[in-house]
Structures are given as structure tokens and as C-alpha cells.
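Database features, via TrEMBL:
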TRANSMEM  12-32  transmembrane segment
DOMAIN    14-419  domain 'Major facilitator superfamily (MFS) profile'
TRANSMEM  52-71  transmembrane segment
TRANSMEM  83-106  transmembrane segment
TRANSMEM  112-133  transmembrane segment
TRANSMEM  140-160  transmembrane segment
TRANSMEM  172-190  transmembrane segment
TRANSMEM  239-261  transmembrane segment
TRANSMEM  273-292  transmembrane segment
TRANSMEM  304-324  transmembrane segment
TRANSMEM  330-352  transmembrane segment
TRANSMEM  364-383  transmembrane segment
TRANSMEM  395-414  transmembrane segment
């Protein structure tokens, strides 16, 4: 099938792509979030230690991030549609083969490795193609697409629990794998853009003289048609600064969900009320993503400034959360954290596109996900060590808040660097007034 537009439509069929990406987010990230429901079932079936069983999820998360550059490079070599469909087949294979449940190594290879690779090959191109289809409304489109993770996670919890009760954990894996085949349908709807110019600009061939069209075409090729993965992004200071922000932010983001439940237990809150905190977290996260995407779409505030503000607000909420001493105060602070977390997630991919430009976005997304994963791996163990040393779960939240504040510093540095570059480019582009080097000689000549 041929591509649809020569320029990003900023609407039209682009909304079909957004809905498809919304579904993909739910069928990948939401499944990963709720896979903990299978933990006890698999542990009891194989009679293994919790540390041995937990490697299934750890492998899935690791492969999801490690596969990001591979998925991005395949996107620039082939199409986003092809990679998403491949990811759907891999995700289905991981769950369907996990249904056999031969041994723990088998589970590592299927629901761990294959599922993680399937999620990576589905998630990365799905969020990437949304940015290709939108320019002015990119923030809103990304926010709606990412909200699929929250919407599906909210419903998958009770649904997966019901499947396990009705069909056992093996049968539930097979059914979930069948549901994940819908990723292939979503991928088929992600029609590649037939673009010969960058999404942010109008087509140069329409403006350039005929003699310059060939050179302009070579210079301004679309990111959709690039055939190489740009590893040289690691030499660009803008990308490095944003990657450092991503590492520090990831060190914080994985900590609050880990210690929220233990903190509530330490305050003497009943288990049934504690479970509701996770539901509150999911609902306000969903609302935060949509509202921030809508606000960013108004273009009232520069996206990197908006991201810096949300980082400041989320770090403040994390610093205040340990002050809670009962369910009501804990629920309020949890709601603030979840809302501002949603606003941050809604626009951080949009900011990445603004930092590197759409010509390198696919490569940047893969590299960013890979680099950011180090923060996700280091953050929870570091917070756990601090909690053990302090003997209080509150210490983990203070660590997360302080790390986020530090990440915001790198956003400020990045913004200052970009502003300086813009000023230099404007200065260099201004035409200089012609001056006569020897006005007195010129006067004599006129005489």
C-alpha cells in the first residue's frame, strides 16, 4: 500500500494511527505492568524462590529497553508498520509458548525474552509513528497514545485475575497471547507516510527553483525514508543532556510504586484501602496525560519549559508524600504524584523530538530508551539500600524527589544551551551592512 501524505496531516488519518498506538500501549506496557498477578502462581507451580521467579519480569524489562535501538533501526530501514506487526507476533509467541510451562528456563526464554522483544518491537515504532504523523498537535497525539497504558492497566488487573481463576495461569497466558495478536491489526493500520520533506517544514520542492530541487531533495529527506541508524547522536550535546535527564528521572519514577504499599502498611492502613491507592494512581495518571497533552497543544508554553515545571511539581509531591500519617493524606499526596507523573510522561517524548528534530527522531528514541534503562535498573536497588540504612520507607521517597530535582537541573542547562544556539544562528543569519573600507579614497575618486 502506498503512503498517504507527502506532509504530516496533523489530523485526518493520523487519528487512526493514534488510536492504534493507544491500543498498542495497552497491549504491551499495561500487560507488563499487571504481569505481577502471575508471580505467585508461577512460583508455586515450579516451587522456586521468589528471587528466581522475579527474573521473568526482569528479563522482560531488560529486553524491552535493550531492543529499543534494534527496533528503531528496523523502523528506519523498513517501515513502522512492519516492525509493529513483527512485535505483535513475537509477543503472542512468548505468551503462547509460555503456556507449555516446561521449566523456569523455558519461562525466561518465552514470557521473558520473546515477550520483552515483542513489547519493544511494538511500543517503540507505535509511539514513533505518531510523532511522524503530527507536528503542531504532536503533544496532544502523544498524550492520547500513551494514555492507553493507564486505561488498559486499570481494567487488566481484575480481568487477568478472573482469567487465572477460570483457566489457570497457563490458560490465562494463552488467552492473553491471543489478545496481543491485535497488535498486528493495529500495526496494519499504521500506514507509512510517503514523505519527501521533514514534518516540521513545507515541501522544499514546491518553493525551490527547478535547478535546486535535486540538491534540496537530498538534503531534506524525510526521517521515514532514512536508511541508516544515527549513532552519532551520542556526540550531540543536546541529546546527551536530555539522556542524562532521562537516566535521573528513571531512577526516580520506578521507586514510588515500589514503596507506596509498604509505606501504607507501616502507617497501619488496611489492605483493602491500600489497594485503592493503586487505582487512584492509575486514574489520575490517565487524567494528567490527557490534560497536559491538551495544554501543550495550545502552544502557550514551550514544551521543554512545561516539562521542567512538571518535574518541579512531581519532585515537590514526592517530598511531601512522606509527611502523610493517615489514609486521606496519603491518598491526596499519591493523587498529586500520579497526576504530575502523567503530565511528565505525556510530553517527554515530544520534547525529545524537539531536541533532535524529526530527521533523527527514530534513532534518538531507540538510544534514549536504551540509555534511560540504566536509571530504571539502578534506582530501585539504590532506594532499597537507603531505606535499609534509614529503617524507614519514607527515605525512598526523599531519594526519588532529590533525584528528580537533579534531573530538572539538566533540563535547565539544555534549555539555556538551545537558546544560546538559537541566538547565535539568528546573529549569523543577519545580513551585514556594506561598508567602504577607505571612504576618503572613495571621495577622491568621486571628485
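Every residue gets a Cβ built from N, Cα and C, even glycine.
Just so it is clear, the model here is predicted, and its values are computed rather than measured.
Among the recorded stretches 12-32, 52-71, 273-292, 330-352, 364-383, the one sharing the largest number of Cβ pairs closer than 8 Å with the transmembrane segment (239-261) is 364-383. Comparing 83-106, 273-292, 330-352, 364-383 for CB pairs under 8 angstroms to the transmembrane segment (52-71), the maximum falls on 364-383.
Of the ranges 172-190, 273-292, 364-383, the one with the most Cβ pairs under 8 Å to the transmembrane segment (330-352) is 273-292.
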